Amino acid sequence: MGCTLSAEERAALERSKAIEKNLKEDGISAAKDVKLLLLGAGESGKSTIVKQMKIIHEDGFSGEDVKQYKPVVYSNTIQSLAAIVRAMDTLGVEYGDKERKTDSKMVCDVVSRMEDTEPFSAELLSAMMRLWGDSGIQECFNRSREYQLNDSAKYYLDSLDRIGAGDYQPTEQDILRTRVKTTGIVETHFTFKNLHFRLFDVGGQRSERKKWIHCFEDVTAIIFCVALSGYDQVLHEDETTNRMHESLMLFDSICNNKFFIDTSIILFLNKKDLFGEKIKKSPLTICFPEYPGSNTYEDAAAYIQTQFESKNRSPNKEIYCHMTCATDTNNIQVVFDAVTDIIIANNLRGCGLY
């Protein structure tokens, strides 16, 4: 999934230049407030988008941020390994080397003692590296759609020697990939293209959704995030529901909500990198039995996009769709630039200037 500019992105760039020229000519210099609501099911990448705004539109992560994320990286790493270890039993997978059972006990003990946010001891690090290298663990990892596993598990476990080093400091990418469940509403402020943005990240799990209603007033646009890679997975909070089906249901209720009759909806079909890898091995018919196409990235992604767009029951509402990879700063920068231009164009249209 390279980052060369697509035709869509080139067109967005041209549009961007034209809009900026129009703004200058019309002398519209007063910065406007833009209220963006970031919605989507749990683990769709909303909080990662917020972190990207910090990198792109603020000054990135401070020394204090790095310090705060360090224990989260330790926890995400060992908790991911512990989840695979637990699944070994559930799925009945054997270790490649029976000696690994001792290592797995050590990992699970650390987690059960709630010491998962601590730096790894030399002994624990060795045990974790041996486990991650075990053929049984790898077989179990390859079946991760059958249990709940953090998307960043492989990223962190492949970096064990770096994360386990005594002088370890989280990199920007390490921080972008951290997973902490969002509870409540997180608000971020930044200025871009003469607009004051207020971005609201709202918890995606079902229990969090009742808190969204307070944010609904005067929303300029909604960014709705979907994890493309969730098509063959079930929810954390309800293991009978497919993640993609849940996203579609939620999108339907947001898109056709009376509060949002005149609100622009921007659809981020996210985790395109994970989806591109997964679609080679896991057919889309798992989620959409009626899917007639091939299991290529292009065909499958286009089909999913159509499924979401078809939920829109308003003939006057346009859904602006982007394929995204929230952990890729360049991709999010280009996409957010295009999103901002849509907002500016809609604002100007509202004033009769565009």
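Every residue gets a Cβ built from N, Cα and C, even glycine.
Positions annotated as N-myristoyl glycine by Swiss-Prot, on the basis of similarity to another entry: Gly2.
The annotation S-palmitoyl cysteine is assigned in Swiss-Prot to Cys3 (among others) on the grounds of similarity to another entry.
What Swiss-Prot records for 32-354 is domain 'G-alpha', and it gives sequence analysis as the kind of evidence.
Taken from Swiss-Prot, the feature region 'G1 motif' covers 35-48. Residue counts of the region 'G1 motif' (35-48) by helix, strand and coil are 3 helix, 6 strand, 5 coil (DSSP-based).
Ser152 (GTP binding site) carries neither a helix nor a strand DSSP state and counts as coil. Swiss-Prot lists Glu43, Lys46, Ser47, Thr48, Ser152, Leu176, Arg177, Thr178, Arg179, Asn270, Asp273, Cys325 with the feature GTP binding site, giving a large-scale study or a structure entry as the kind of evidence.
DSSP assigns Thr182 (Mg(2+) binding site) to coil, not to a helix or a strand. Swiss-Prot lists Ser47, Thr182 with the feature Mg(2+) binding site, giving experimental evidence as the kind of evidence.
Annotated region 'G2 motif' per Swiss-Prot: 174-182, in sequence order, evidence recorded as sequence analysis. Among residues of the same chain six or more beyond the region 'G2 motif' (174-182), those with a C-beta under 8 A of the stretch's C-beta atoms are 42-43, 46-48, 51-52, 55, 61, 65-66, 69, 72-73, 76, 150-152, 155-156, 159, 163, 201-205, 208, 326-327, 329.
The region 'G3 motif' annotation in Swiss-Prot covers 197-206 and is backed by sequence analysis.
Summarising the annotation, Swiss-Prot assigns 5-glutamyl histamine to Gln205 and lists experimental evidence as the type of evidence.
The annotation region 'G4 motif' is assigned in Swiss-Prot to 266-273. Per-residue pLDDT, averaged across the region 'G4 motif' (266-273), gives 97.
Listed as Cβ neighbours of the region 'G5 motif' (324-329) (distance under 8 Å, sequence separation of 6 or more from its ends, same chain) are residues 1, 3, 45, 48-49, 52, 55-56, 172-173, 176-177, 225, 268-273, 335. Swiss-Prot lists 324-329 with the feature region 'G5 motif', giving sequence analysis as the kind of evidence.
Look at Swiss-Prot and you will find Cys351 (among others) tagged as S-palmitoyl cysteine, backed by similarity to another entry.
Counting residues of the region 'G5 motif' (324-329) by DSSP class, helix then strand then coil, yields 1 helix, 0 strand, 5 coil. Geometry remark: Thr182 (Mg(2+) binding site) versus Asp273 (GTP binding site), CA distance 23 Å. The DSSP secondary structure for Arg177 (GTP binding site) is coil. Counting every protein chain shown, the number of other Cβ atoms lying within 10 Å of the Cβ of Thr182 (Mg(2+) binding site) is 19.
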